[in-house]
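So that you can see what the record holds, here are the features copied from TrEMBL:
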DOMAIN    100-142  domain 'RING-type'
TRANSMEM  7-29  transmembrane segment
TRANSMEM  35-55  transmembrane segment
């Protein structure tokens with residue numbers, strides 16, 4: 001029977017053709033699923049970050065409206081001045097401290113200095129800058145200069161001001177996580 005080998009050959013050709021289509025279809029399906037996965041991850045990451053931003057803004061507005069409102073830098077420095085008043089350096093009076101431990105400069109006659117309760121002395125500007133950056137502690141012995149609740153209120157204000165509402169850092173972060181795929185989605 002001549003048709004039997006011909007039928008088998010036709011069956012093999014058709015079978016190979018469908019297998020080839022199956023491989024290309026699977027590759028396309030795999031690429032589609034990979035793209036869908038990336039899109040889903042980016043979407044939920046953006047959703048999560050937007051939720052974090054929303055919670056921060058709501059928490060910030062609740063803090064601003066309450067009695068525990070953050071204090072400004074001017075108020076913070078005024079409190080430092082009240083607790084530890086500045087004075088002028090006189091070379092004959094304070095023999096135990098001759099240099100500022102923050103900038104490592106020798107005190108000059110007439111410069112504004114600030115002496116803390118712990119007996120450490122610094123240039124007024126050096127110490128004020130230090131106290132604004134740190135948790136309001138002495139640069140040498142780390143004793144607190146202001147009560148903790150005042151420092152917390154000041155740091156709340158600083159943290160609120162540091163976030164300008166821009167999403168540039170967020171976009172950079174997401175692009176670093178997902179490479180160029182993120183920009184293709186935008």
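Glycine is no exception: its Cβ is also placed from the backbone N, Cα and C atoms.
All TrEMBL annotations are machine predictions without curation.
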Please spell out the DSSP helix, strand and coil residue counts for the domain 'RING-type' (100-142).
-> 10 helix, 9 strand, 24 coil
Integer mean pLDDT for the domain 'RING-type' (100-142) | 91
